[in-house]
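*Asks:* Encoded as structure tokens, here's the structure I'll be asking about.
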Amino acid sequence: MQDNWPTRLAITCLLVAIERLGMYIPVGLISNPQANWLNGGGWFVLGIIPTINASIVMQILISIVPALTRLQKEEGEMGQKQIQKYTRYLTFFLAGIQAFTLSQQWCTWLLIVSGAMLVMWLAEQMTHKGIGNGTSIFVCSNIAANFLHHPIEAPWSLAMVVLIFTMLGMIALQEAVRAIPILSAKQLIQSIAQVYLLPMRLNQGGVMPIIFASSTLALLHTWSIWWLYVACIIFFSHFYNLVIANPKELSENLNKMAVVIPSIRPGAETQQYLNRTLNRMSWIGGIALSLIALLPWLFSSLKIFSGFGATSLLIVIGVSIDTMRQIRTYFIANAYEKMI
């Protein structure tokens, strides 16, 4: 974090306030103001959903199109900017399609699309200048605002039990790490007995697999099919793990640093070992995340939170955990800077 803590907090609050205000600015005739499951209409009726959908499509394209894969991995910062540019174009395209389903009037359509693009820009600014991931924060703020309009119908004791168990499950999953022992050339030469570990998070994507799965089901209008929801979570969890922790890149980086995994040969064998490890972790993490996602659904008949679904609860908890982790990292880094 380049800026100080109060500045980033102020920027985050300001951007969230702007995004929420845009939800209530009327834009004319909208055929279906309830089309977005995260807000209730207005200029920003599409919210962050087009950006999320564009990110999903772009990540899939990067994994299957060699030219985009090279652009992301080999072109460095310029490649990332180009990928971001393509994502913006795709966001505009998807926002245009969704806006047309809401209104066929040219002026209203243009306002809705411009609102979606502005929300995307606000999310980017929050990611770079505020606290946490802008997309996740906007999703969380919209859900929290919706929650304030719906009372808790079940007894507080039952609501707290479900909330606590869900929160504990998310925390355990977010903090779970597989530590792989590694040896450096310096250790071998100097006979250093200290053990170094390569930590790999069980759930690399955090709450993003749930957000992506929810967005996909909302787009397909298939909320009632619970097994499809589980399948989407497992798929996106597996996909995110392989994107964030690429076995080939990890193997090459370890080789460049003259670091090896005990009993595993450098190169292809190390890559295969990391690939097997990540695949197992992806399945375990995806299934665990799905089970946690289904936990509040077991109590759906009790209507603990009227108008506040299980997915919403998980997203709020997950985003809160991710944001707190980033804040903690900032304070630790700041303390180290003062020591130096």
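A Cβ is built for glycine as well, from the same backbone N, Cα and C atoms used for every other residue.
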*Asks:* Which one of these stretches, 73-93, 304-324, shows up in Swiss-Prot as transmembrane segment?
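*Replies:* It is 304-324 that Swiss-Prot describes as transmembrane segment.
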*Asks:* Are there residues at least 6 beyond the ends of the transmembrane segment (10-30) whose Cβ is under 8 Å from a Cβ of it, and what are they?
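*Replies:* Residues packing against the transmembrane segment (10-30) from afar: 3, 39-45, 47, 102-103, 105, 107-108, 111-112, 115, 118-119, 122, 125-126, 129-132, 134, 137-138, 141-142, 145.
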*Asks:* Quick test of the contact rule: Cβ under 8 Å, at least six residues beyond the ends. What residues does that give for the transmembrane segment (225-245)?
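*Replies:* Those are 56, 59-60, 62-63, 200, 203-205, 208-210, 212-214, 216-217, 278-279, 281-283, 285-287, 289-290, 293-294, 297, 311, in sequence order.
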